[in-house]
Ligand SMILES: [Zn+2]
């Protein structure tokens with residue numbers, strides 16, 4: 001039979017009261033002694049509080065335990081806060097994946113080996129992982145407004161360099177999308193402030209093809225054409241970067257492809273902009289605006305005849 005004395009559990013209110021009593025009345029006790037006592041009681045209080053809240057930490061749908069707040073204080077985070085919904089979704093997602101593959105996250109935490117580098121628009125309707133049906137770890141991503149690639153954007157170029165030189169991706173996919181707000185804004189003359197500097201890149205593409213764009217009378221169709229041409233411009237900007245030249249010079253197997261996503265159908269289409277070498281790049285650069293728009297018209301007519 002154990003002779004060890006078991007501590008009689010006391011309520012949190014009792015503990016708080018005892019701490020207050022010690023602070024106020026125990027003046028005869030040596031200072032360090034009193035502080036030690038307070039510390040001990042507070043530790044007990046915190047431990048019992050964690051146990052008390054354990055049930056609340058489990059969602060009603062018996063999902064995984066609530067993720068802890070690692071830095072505080074965060075007084076606004078609670079059940080009524082918008083973040084609660086996101087955290088709940090996240091727990092359900094994590095749980096669903098672990099149910100299918102228990103070691104999924106453990107394996108993934110050891111490193112990534114994506115074969116695809118995706119350059120797309122920030123638009124929330126174009127989620128690359130989802131529309132490609134690729135799992136976390138399978139696509140490396142850079143997104144900005146209207147999937148613009150310019151040689152002065154250190155952010156984009158750094159991601160490209162990492163993708164090509166470190167991850168050794170095999171495909172750089174540049175994806176434009178119909179209904180792109182950035183492209184539509186660049187098509188018009190309205191001023192949006194700071195973002196105009198970014199849109200200037202697309203306006204430049206528009207000016208290069210102004211004559212051919214003007215031949216398209218329907219405004220939506222003209223926007224679609226600029227989406228495609230803007231995508232082509234980004235494909236060529238990636239191909240022209242010293243990062244790609246070095247990769248091809250080394251004999252690395254990496255290609256750049258241009259695709260367009262239709263938010264009305266959820267479908268991706270190839271745009272015929274495919275660059276896998278410096279020779280390919282030269283060939284693309286020799287195609288002038290008239291030839292480009294003529295080819296676009298031919299393709300559209302051929303597609304119409306098929307359907
Ligand atoms: Zn967009």
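Note: Cβ is positioned from N, Cα and C throughout, glycine not excepted.
What TrEMBL records for 49-75 is region 'Disordered'.
The Zn(2+) binding site annotation in TrEMBL covers 121, 123, 177, 180. In the three-state DSSP assignment, the secondary structure recorded for residue 121 (Zn(2+) binding site) is strand. The local packing around residue 121 (Zn(2+) binding site), expressed as other Cβ atoms within 10 Å of its Cβ over all shown chains, amounts to 26.
Listed in sequence order, 120, 121, 123, 125, 126, 227, 260, 261, 262, 263 are the same-chain residues six or more apart from residue 177 (Zn(2+) binding site) with CB atoms under 8 A from its CB. Shown in sequence order, 120, 122, 125, 126, 146, 147, 176, 179, 181, 182, 183, 227, 261, 263 are the same-chain residues outside 121, 123, 177, 180 whose Cβ sits within 8 Å of the Cβ centre of the Zn(2+) site.
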